[in-house]
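Record features (Swiss-Prot):
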| type | residues | note |
| --- | --- | --- |
| ACT_SITE | S168 | active site, proton donor |
| ACT_SITE | Y182 | active site, proton donor |
| ACT_SITE | K186 | active site, lowers pKa of active site Tyr |
| BINDING | I37, K149, Y182, K186, T221 | NADP(+) binding site |
Amino acid sequence: MSLFEAQPRPTKIYHSETYDRIAKHHGFNGQGKVVLITGGASGVGFSIAKAFAAAGVVCIAIVSRSASPQEQAKAALEAAYPSVRVVLFQASVTDSVRMPEILHELGPVDVLVLGVAVVHRREKATAITEQELRDAFDTNVIAAFNLTKAYLETPLPASGQKTIINISSAAAQVHTTRRVGYGSSKAAAAQVLQHFAVEQEQEPDGNPVRIFSFHPGAFYTPAVAQHFTKDEHKWDDLALPGDFAVWLAGPESSFLHGRHLWANWDVDELIGLRERVLQDRRFLTIGLVV
């Protein structure tokens, strides 16, 4: 069983690997579109970059701090998808001056993926320092808030639609120990994006912005290997969050604007919940359940 598969969920089917419905029949038209991914050089972010490249976007921009992983990601993407332009920006998402400059230099962006996150030491809350907590909130919440604001102020792309995809975590809603800063900051970030989503619905311009948060899955990384053996759980495939993000960027997901989702949830079952989602503003959001 997958690490979080036993958690309550709105769908019967729980995917640990990608599947044709989102990998081949996602409904997203990448023609002429530009995608900006923070943290897109490795891990989940790179999985998302590959999926959008496969979907035929014209340009993928990657923002991260380290040059070497960026160059490796660029080389891999251009080798596999020679028609896709890959642009690199070496910067920290916490730089509230540089990030708006990057948006200006890049031009209109169709899809913004908030993929950078800070994860502190896996220690009890009493052992985590104030600075570690601040670092988590500075990157996971404040930087996401500032970049979302800056993106909303940019001109609409030719497609007439902006999409913001926030890479969240199960830690935002599932009780996990030794994750005081990470879990609480991810929950706060999801709440921030929910506020943006509700306010965008009230804009008189027909809501040309769609906003989603989603848990990408559980992956066997070197950090995870310090606490679990590989055979202890069934780990998710990194292709899953990439293809799920592309599906979110397509037209079928519009009714899920402002919701907190999991890549593991079956998209056809989610579509079957459309009326409930539209009627219950709190359904699939981060908040108090009574």
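Glycine too: its Cβ is placed from the backbone N, Cα and C atoms.
S168 (active site, proton donor) sits 14 Å from I37 (NADP(+) binding site), counting Cα to Cα. Rounded to a whole number, the C-alpha distance linking K149 (NADP(+) binding site) with K186 (active site, lowers pKa of active site Tyr) is 18 angstrom. According to DSSP, Y182 (active site, proton donor) is assigned to a helical segment. Neighbour density around each Cβ, counted as other Cβ atoms within 10 Å, peaks among the recorded positions K149, K186 at K186. With the fewest other C-beta atoms within 10 Å around its C-beta, T221 stands out among the recorded positions S168, T221. A distance of 18 Å separates the Cα atom of K186 (active site, lowers pKa of active site Tyr) from that of I37 (NADP(+) binding site). Cβ neighbour count for I37 (NADP(+) binding site) (all protein chains, 10 Å cutoff from its Cβ): 27.
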